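Participant: Let me begin by handing over the structure; questions about it come next.
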């Protein structure tokens with residue numbers, strides 16, 4: 001289902017990236033736009049401290065007619081007061097002017113340090129110059145945009161799927177402050193498929209719930225999480241069910257890329273809980289394991305300290321239906337509980353834990369519900385990256 | 001209120017420590033006992049995977065007549081099946097035999113790796129030898145017992161308070177897998193005060209709720225948390241209210257020692273939330289901040305990235321009564337929100353964050369409830385300690 005060759009935009013989309021002085025080097029401003037009206041769906045952080053970019057974008061997303069996304073990287077523009085709101089609105093106004101589209105069809109994302117004013121002098125100079133070139137400046141590929149979104153990401157995240165004659169292209173960023181709740185850091189999906197707004201919205205909600213909302217790098221929910229899909233219909237109508245499947249598959253691809261590039265991460269950690277009483281319980285227990293610092297450090301060191309998985313299940317003290325006698329725990333296909341592992345099982349366990357992906361599989365023996373969540377190990381690199389981020 | 005000179009037991013208590021082969025070097029078994037009948041109160045982990053030591057001690061604690069506490073360090077004896085239960089019972093039987101007291105007046109604690117059988121051969125040999133010496137072996141001071149409890153602790157934790165003619169002596173251990181829920185890792189308190197069982201129980205519950213239950217090193221709740229107080233009345237009756245105050249003060253002392261010796265910790269982190277709608281909300285928000293890996297790493301690096309405190313408040317998405325406009329955040333007496341800090345404020349903030357204790361003070365502007373919680377910074381040392389704990 002994946003394209004080969006360099007990744008290009010779906011029909012009718014174009015993009016530019018540039019340097020607006022938000023960081024010392026490299027592109028930090030991007031715009032992706034459809035050349036024709038489009039249908040959209042979007043989800044945002046539920047943080048109580050959502051920033052001006054999210055507050056403004058929420059309003060614009062309501063019309064389900066977004067046709068452009070602009071992003072400022074390296075500054076979240078959060079907790080910046082009334083001036084922060086005015087700055088976000090000005091950026092949207094300038095992007096809309098360059099594209100010649102209504103302001104309320106532009107979504108704005110902002111990601112980085114909280115509590116610092118945007119450097120509007122250099123941002124204005126950047127947009128003045130871009131406006132002179134107009135649409136001729138729009139030569140960026142998806143990979144360029146993914147790069148311009150990065151903060152402490154070590155690699156750009158892109159993904160592509162096809163459904164019928166349509167293509168779906170996604171770009172994302174996110175490494176820390178990453179336990180999305182109803183949406184993730186920044187993930188944008190562009191497609192030339194034609195879909196009714198309701199189908200697009202439902203496809204996005206299903207996909208996000210099964211992918212980005214099953215991701216946790218560090219339990220910290222960002223103030224800026226945004227995920228949006230824009231469908232401009234240039235490739236004609238598609239089957240909504242197959243589109244929804246392809247969108248979920250693409251979002252899962254991006255989720256895995258986000259998890260394995262978590263701050264300081266050296267491994268992808270996948271935790272599946274089956275036999276749960278209901279889906280919420282499955283996800284709660286799985287997140288408890290994937291977020292346990294002691295499980296994460298054991299995975300980092302390939303330390304076969306499987307008892308910590310039991311601890312992380314057991315700390316959910318409200319889940320009184322869970323009883324040790326019904327629980328099983330495996331790493332990959334290596335069962336470690338309730339049968340006490342033999343010495344050679346521990347050797348196999350260490351070998352499994354040394355891989356780039358570690359799978360923890362838990363069954364609760366209570367029902368038929370299941371959930372899979374994604375995370376990463378906890379390394380000294382996470383501490384290094386975050387102990388002096390602003391200084 | 002504190003004694004001077006080397007710390008001794010209250011009247012009528014004695015202790016021994018010895019090496020039972022649970023670790024390579026150093027004492028790993030301890031017993032503290034009252035020479036006369038006593039009144040007791042105890043609280044235990046709520047983990048769904050509570051081990052045999054906790055299950056057995058819970059039953060023994062019901063009578064409120066405990067007069068001895070024995071502890072095995074370096075092995076939690078959890079997830080060890082029926083054999084683990086028999087081993088715990090055998091240790092209690094042997095300790096009761098040496099002391100000549102009923103088995104159901106002995107509490108047993110066990111702390112360390114989960115999922116490994118106890119080395120019963122060396123433990124039996126140890127108790128055989130101790131039995132030969134009888135009570136003559138009981139020459140250990142509180143500091144010796146606190147040392148014999150240690151796992152990855154870097155220093156022993158003891159505290160003492162006086163109330164009237166009575167003394168209260170506490171010993172504790174705990175560094176990781178440390179977010180107690182209704183009780184903490186291992187904390188034992190011995191007093192020669194005379195109190196009715198109901199007053200002792202109520203004093204313990206109040207103290208634990210305000211101290212150990214406000215502590216989190218890493219969000220991971222142990223399978224073995226136990227806190228117990230034993231009062232043998234040798235110093236005569238005391239005022240229950242003053243006793244309760246002294247007990248809370250002693251437990252707070254131990255809590256601060258536990259927090260500042262958290263695995264890899266270099267600083268004590270104290271978070272106070274005031275102006276909350278109710279005490280549960282105050283504690284929930286405070287724990288969200290003290291547990292945020294991004295706040296903890298910023299504190300570690302003395303990085304004045306105060307926006308992360310807002311993030312950690314904002315991720316409590318169910319607390320919709322909290323609105324940014326009413327919130328204030330200070331570090332010590334340095335306000336950072338809502339007033340945007342000046343450059344020299346940031347310098348003062350860095351200076352505050354470089355101290356051994358960092359204070360974050362939040363007001364929500366909703367009501368009059370308040371809570372203070374204790375934690376520590378997150379360092380590369382935490383990862384080092386935990387990435388290869390068993391190997």
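Numbers run from 1 along the shown chain.
Cβ coordinates come from backbone N, Cα and C, glycine included.
Just lifted these from TrEMBL, have a look:
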type     : residues                                 : note
BINDING  : A:151, A:173, A:184, A:263, A:386, A:391 : substrate binding site
ACT_SITE : A:184                                    : active site, nucleophile
Participant: Of these binding-site residues, A:151, A:173, A:263, A:386, which are close to chain B by the rule of a Cβ under 8 Å away?
Facilitator: A:386
Participant: I need the most crowded of these binding-site residues: A:151, A:386. Count other C-beta atoms within 10 angstroms of each C-beta and give me the top one.
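Facilitator: Of the binding-site residues A:151, A:386, the highest Cβ count within 10 Å belongs to A:386.
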Participant: When DSSP states are folded down to helix, strand and coil, where does residue A:173 (substrate binding site) land?
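Facilitator: In the DSSP reduction, residue A:173 (substrate binding site) maps to strand.
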Participant: Using Cβ-Cβ distances, find the residues under 8 Å from residue A:173 (substrate binding site) that belong to the same chain and are at least 6 apart in sequence, listing them in sequence order.
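Facilitator: Residue A:173 (substrate binding site) has long-range Cβ partners A:73, A:111, A:146, A:149, A:150, A:151, A:153, A:156, A:157, A:185, A:186, A:187.
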Participant: CB neighbours of residue A:263 (substrate binding site) within 10 A?
Facilitator: 28
